[in-house]
Amino acid sequence: MKNMETSKPAANTHAMLGLVRTFSCGGFVYITSTDNGTIHDMFMLIYILANVIYMPFGSYLTQNSLIRKTRQLLSLYFILSLLPMFYIYFLHKNRRIAGAYTYYAFFEWGLIIADILFDSMSLFDLEDTHIYISDSSRGTVLNINNIPMGKDHRESEKVMLKEDIPAKTPREVNKMPNKYIKQSSKVIYLTFMADTMLSLVWWTNFTALPLCIFYYSVWSLSFAGQEGLMLVTLSAGLIGIEELALFASSRDGKTVLTLVSFLGLFASKLEFPVLKLVSVSMAVIAQSISIASDWYRSRDRQQVITFMLGLLLHSTLKLLAHSNNPFWPIVNDTNGGYIKTGLVMAFIALLIRRCYGSDYCTSPISTQKRSNRCLIIGASLGSYIWALHTFLSDPSTLLSWSWTGFPSNGPHPMYNSSMIIVGFAIGIMSPEYLAISNIWHLFGTCCITLCYICDDWLSASGAFGFSIYLPSLGPVMIWNIKHCAPGRTMLAVFGTYTLLIVAHTFTVAYEFVPLGFLLRERTHVVIFTALAFIWLTTSRTTFNITYGDNDKAFKRYTKLLLVGIICAAHFILLNRINNSVVPQPYHTQDGILTSGIWTVHFGMDDEMWDSQIRMRDLIREAEVDVLGLLETELQSVVFGNRNLAQFIAEDLGYYVDYGPPSHKHTWGAVLLSKFPIKESQHHLLPSPQGELAPAISAKLDLYGNIVNVLISHNGQEESPLDRELQTTEIARILNTTYPEPALFLGYLVTTPHQKRPAPYGILFEDGRMLDIEPLDRRRWCEYIGYRSMRKIAYARISHGTVTDTELQVAKFKLYDTDESYHPQFDWYTFMDEEHIPDSYRFSNAFAGKGKDGHRFHVFKIPIYYQEMSESD
């Protein structure tokens, strides 16, 4: 029987969950989708989420073994039925497939029946419960002999009478068999690979959660409310309830929680963003409880190593899928996802662990409480998880900080990122004593400082050192929490992690973000605060990490896997380099330059899909030679630590300047060019009030001539002073190149012909540039300017569902060397399309209704020009 003292808090928690599911069930029944679809869906999602925890928890608390098995089967049916039900609902709602709703209704009623059957099992729980009412004033004595006893009661009584069986002492309980004790080499290998795969699933869901959440913030350009779901990681604090902790560490409990975590992988099959977010949130809740239990109950280093290997695999897979994890909910079969493969591998790993793994139920969570350090230790581990997520969840993140443009004097952020994989592997195999050395912490601090304040190879050397330092702390960091109260410590862990995520996001906060000024441009404050917490606890740690009886075999397999990962990373990058398309302008024979400016809004489309493939398709159809991409800086946790330009550059053949890196606190700008980039420079434009504005100035070799190109992203409407100062600096840079050919591709936030201090007048007057189409008055953000070139065509192509901003394109041609011209000559007449050569035209795919949601808009057609002579 369950001990009544330990069952009481668990029963209370179970009762609270039951109350939530009851009221939420009443909510979606009483308020139908016809009355209010949003509230109806909200109540239904709360009901489902509560049931996913309520049912397995209730099964574990059930004392009767037959009823417990029945409830476990009902729980499993309920959870597994959610996956096809969501998918069929998508088929009905989005694809309008006839008959789909009928199948959905069957699943929905199946869930209701399972729920009713589950609750009906309570009759058997209560069959041995008897209530007697007596008048206490008459001194009635209760005759126990007359009370009927059920079978379970009698059997438990027999067990309690076996006094000849001595109870195990706490010391004997702690002498648990290690996770891999007395196992064959084959079993050790299988369980090692299975645990590593499940750790990969853990990191996949964990990194996907902020990515899915901030999709809403980006599209609403405000706090959308979904940001509160970052707090689901606090569910790890529930292991403070002993019964839940025991359930989470049991074989059945780990199986149930792992199955729920697979919802994060299945989320890719759900087309609606809200369903993806709910699925990932449910997965993170389950895996947060599971990992917290493992951290507290595991007594060896092996569990920590597989946890780190999962992150290393996640990071390496992103090299294969062009900075996306191929199991994320933002990818599918059409844009680089391998969801089916991930699910199959995950289920195989679960079966292996179910068959060969062991649980930790005989190893109780320590009740020793060092209250004076408990919160600090939790904050330290939370800081450590934030650092792993921020700096090592993509191998190019730290290296991108060294990028300064052309000519390159340092490593390439992508093609040299295998050095970070090597550093990660070295860190995993480093001895534990390094983690408690003050000299080692000083080394790590110096490395991240070099990476942050320096450029090129000096910055890259710091990145390599830091990639060794961070993983080496893992065993000691997790060991630290084992002597602290689990509930509040895990709340401190993931509470600190969440606060650091928010703080790091605020370092590049838009001007309209409330209190954004507190941490704007202060990444160093966030980084060194996290490092201070880490150093404060690890440097004062005394630890006694145990090693399994099969530790030699485990280390051998770890080294083999690390070597395999390093080799895989190297060959993936080598293959990408060898298969990259050689840059070649689209119309070399005619000397045409097609330019474009596009604000791509952080690389996720309207439906929360990664947009790299669709961006590639539009750019290829528009035949753009020189392209400025804006809002491309994705090397942060909330954007998935991605790089948006690498796939397009490799697949279409572009030279690429990635612009100012993430620690420069901008939203990003990228220059893609079919022409060689002879020289480029990054600029941080003046921003005394709001967020920093990025700019890239470059000199391109255009058919043997130098053309100056400037890409920029000005500040928002809320900061007129910023926009004035930023545009003044842009104009100064352009003016220094006069009268050489120049091209401006930027984001101004102004109406055409608006007088000073508006950006329009400053740019085109002080920069001595020409507007591509002065008569186009329906512009606000994107502008194209030029000088000392002959303009041929101009068009505006709708964004479709890829982003929220159109693609503007313009065609130019350089003057011949023997031609005389004025740098700012702008005397043109319009021409009909049939009167110009085919190579001068834009693709007809954008005419009429367009292609893939992209069409000519505003003017409905492209505009073509013929230059007139001054005599005309």
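Each Cβ is built from the backbone N, Cα and C atoms, and glycine gets one as well.
Listed as Cβ neighbours of the transmembrane segment (12-31) (distance under 8 Å, sequence separation of 6 or more from its ends, same chain) are residues 39-44, 46-47, 50-51, 53-54, 57-58, 61, 238, 241, 244. TrEMBL lists 12-31 (among others) with the feature transmembrane segment.
In the predicted model, residues of the domain 'CWH43-like N-terminal' (13-128) average a pLDDT of 75. What TrEMBL lists as domain 'CWH43-like N-terminal' is 13-128.
Within the chain carrying the transmembrane segment (43-61), a Cβ under 8 angstroms from the stretch's Cβ atoms is held by residues 2, 7, 10-11, 13-14, 17-18, 20-21, 24-25, 27-28, 31, 68, 71-72, 74-75, 78-79, 82, 115, 118, 243-244, 246-247, 250, 252-253, 256-257, 260, 278, 281-282, 285-286, all 6 or more beyond its ends. According to TrEMBL, the transmembrane segment annotation covers 43-61 (among others).
Among the features that TrEMBL reports, transmembrane segment is placed at 73-92 (among others).
Annotation source TrEMBL lists transmembrane segment at 187-216 (among others).
What TrEMBL lists as domain 'PGAP2IP first transmembrane' is 201-351.
Taken from TrEMBL, the feature transmembrane segment applies to 228-248 (among others).
For 278-297 (among others), the entry in TrEMBL reads transmembrane segment. For the transmembrane segment (278-297), the residues of the chain that approach it from at least six positions outside its boundaries are 45, 49, 52-53, 86, 201-202, 205-206, 208-209, 212, 229, 232-239, 244-245, 248-249, 254, 256-258, 260-267, 270, 303, 307, 329, 360, 363, 365-366, 478, 481-482, 486, 490, 494, judged by C-beta separation under 8 angstroms.
The transmembrane segment annotation in TrEMBL covers 304-323 (among others).
The transmembrane segment feature in TrEMBL is assigned to 335-353 (among others).
Marked as domain 'PGAP2IP second transmembrane' by TrEMBL: 372-539.
For the transmembrane segment (374-392), same-chain residues at least 6 beyond its ends with a Cβ under 8 Å from one of its own Cβ atoms are 206-207, 311, 315, 398, 420, 424, 466-467, 470-471, 473-474, 477-478, 480-481, 484-485, 488-497, 500-501, 504, 529-531, 533-534, 536-538, 636-637, 641. Here TrEMBL flags 374-392 (among others) as transmembrane segment.
Sequence annotations record features per position, and here TrEMBL assigns transmembrane segment to 491-513 (among others). Within the chain carrying the transmembrane segment (491-513), a Cβ under 8 angstroms from the stretch's Cβ atoms is held by residues 210, 214, 221-222, 230-231, 233-234, 236-237, 288, 374-375, 377-379, 381-383, 385-386, 389-390, 481, 519-523, 526, 529-530, 533, 633, 636-638, 662, 665-667, 689-692, 715-716, 718-719, 722, all 6 or more beyond its ends.
Among the features that TrEMBL reports, transmembrane segment is placed at 525-545 (among others).
What TrEMBL lists as transmembrane segment is 557-574 (among others).
The feature domain 'PGAP2IP C-terminal nuclease-like' is assigned by TrEMBL to 592-837.
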Looking at 73-92, 187-216, 304-323, 335-353, which one has the highest count of Cβ pairs under 8 angstroms to the transmembrane segment (228-248)?
187-216
Are there three or more C-beta pairs under 8 angstroms joining the transmembrane segment (73-92) and the transmembrane segment (557-574), sequence spacing 6 or more?
no
DSSP says what for the domain 'CWH43-like N-terminal' (13-128): how many helix, strand, coil residues?
97 helix, 0 strand, 19 coil
Report, as numbers and ranges, which residues of the same chain sit near the transmembrane segment (335-353): CB under 8 Å and 6 or more residues beyond its ends.
190-191, 193-195, 197-198, 201, 204, 254-255, 258-259, 262, 265-266, 268-269, 321-322, 324, 326-328, 609-610, 612-614
